[in-house]
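Undergrad: The structure's right below; bear with me while I get my questions together.
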Amino acid sequence: MAKVESFTLDHTKVKAPYVRLITVEEGAKGDKISNYDLRLVQPNENAIPTAGLHTIEHLLAGLLRDRLDGVIDCSPFGCRTGFHLITWGEHSTTEVAKALKSSLEEIAYKTKWEDVQGTTIESCGNYRDHSLFSAKEWSKKILDEGISDKPFERHVVD
């Protein structure tokens, strides 16, 4: 079986919340795709409940696209501690951390239920499992801790 980088990361050494560049892959025509680890809570110490994580996912899908060029996808980790962000091209971890911070600020302090995309039976595969309240509370907690652009030391972005 192929080795997966995320499973070789020593989860006891990272200091969440942070943004980490996992890899940059280059296609046959030279196009680059980057994969980032957006770690919102400390692994094996906490996990975001599914309803809040699900709502954060739906909101980040739009908010990160508003802030970063080339966003392909933002998908939650099964462990519920953060997200993979996949983009065309390369962004610095500082740029991604600032976009994430700004997005979480919007979730925490401005977002209303009407702003959450994909919350109907037609538009979501598990539309009943959402909580804007939880998304807001977790966003505030993450923002209070500060988002670092380095995974192994705290270097909080402004």
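Placed from the backbone N, Cα and C atoms, the Cβ positions cover glycine too.
Annotations for this protein, taken from Swiss-Prot, read as follows:
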BINDING   His54, His58, Cys124  Fe cation binding site
Undergrad: So if I measure Cβ to Cβ from His54 (Fe cation binding site) and keep only same-chain residues at least 6 apart in sequence, which ones fall under 8 Å?
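TA: Residues satisfying the criterion: Pro76, Asn126, Asp129, His130, Ser131.
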Undergrad: What is the total of other Cβ atoms whose distance to the Cβ of His58 (Fe cation binding site) is within 10 Å?
TA: 21
Undergrad: Around Cys124 (Fe cation binding site), how many other CB atoms lie within 10 A of its CB?
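TA: Other Cβ atoms found within 10 Å: 16.
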